[in-house]
Amino acid sequence: MENVNMVKSKAALLKKFSEPLSIEDVNIPEPQGEEVLIRIGGAGVCRTDLRVWKGVEAKQGFRLPIILGHENAGTIVEVGELAKVKKGDNVVVYATWGDLTCRYCREGKFNICKNQIIPGQTTNGGFSEYMLVKSSRWLVKLNSLSPVEAAPLADAGTTSMGAIRQALPFISKFAEPVVIVNGIGGLAVYTIQILKALMKNITIVGISRSKKHRDFALELGADYVSEMKDAESLINKLTDGLGASIAIDLVGTEETTYNLGKLLAQEGAIILVGMEGKRVSLEAFDTAVWNKKLLGSNYGSLNDLEDVVRLSESGKIKPYIIKVPLDDINKAFTNLDEGRVDGRQVITP
């Protein structure tokens, strides 16, 4: 692979929205400057991939054909002359590459840079044997964690950590806070476990329509589970009628935000992570009079990724991984779209 301009790579290409991804050989450029070429060890499948595949979440700069996949980890095989990493290291790839010039990038908030590059959305991602990373600054080194275990941390883990950091001021208002996690899927795997790892005095209530997913929430560490229709009586019982300190909404529809708002204590908040709906809804009187909040939470910081990697390496976060060969990626998309996945599917080239 030394001194070549292109590297052949088998990859899953999105050529037409909502049609099966095409498995083809593509050319990946040799890294230059700060760039790094990694051999993908694992690439997680996220609901965002589904939305991009369906054509409902196209970022500025999106072009077809494209290799999807923004939850990526692997091994460094080639580096540009300015890259500050070395070959052979296992790494996980941060998934929003800021332009490094805006006021938010100067604060390290690359996740809200309007000119961000996102692998799998505005540049080729990791559903491939090899992936070119724009700069070594977007890599977090793995010590004991395998790339397959680390891949979902690039988004699901980092997004969960980012949401929890936003929730901390509200959780700390109460001596025995009750935290709602709404929507038990790939994100909840990490949200529930991180909450348990960081805070010992909280009570977690997992909400899902599916009994299977409610049982899964208990396995992850939730203290109680409920359907939304029964949640009010449970929350009132747990808090003597006060309400929950925080609700982390991993679904994000008008119905979920409205119902969760009614479950909050005064000065409680919803951290909105999911984007399954087009709008959110809260009761104006209830929200204004009781000082309730709705906060958006998009992804997380490089430090969030670093922290969730170290929590995983210390054994405080257990991976729930379903390995899927690259050739079966379309089956993985179907399974996720039809709600048949507990944990995180990880594509292995």
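Placed from the backbone N, Cα and C atoms, the Cβ positions cover glycine too.
Binding of Zn(2+) 1 is attributed by Swiss-Prot to C46, H70, and within the candidate set D99, D155, D215 the record adds D155 to that site. Counting only same-chain residues at least 6 apart in sequence, those with a Cβ under 8 Å from the Cβ of H70 (Zn(2+) 1 binding site) are C46, T48, D49, A95, I118, P119, G120, Q121, G125, G126, A154, D155. Shown are the binding-site residues C46, C105; the one with the most C-beta atoms within 10 angstroms of its own C-beta is C46. Here the binding-site residues are D99, D155; the one with the fewest Cβ atoms within 10 Å of its Cβ is D99. Taking the mean position of the Cβ atoms of C46, H70, D155 as the Zn(2+) 1 site, the remaining same-chain residues with a Cβ inside 8 Å of that point are G44, T48, D49, G69, E71, A95, G120, A154, A156. Close to C113 (Zn(2+) 2 binding site) in the fold, though at least 6 residues off in sequence, lie T96, G98, D99, C102, Y104, C105, each with a CB less than 8 Å from its CB.
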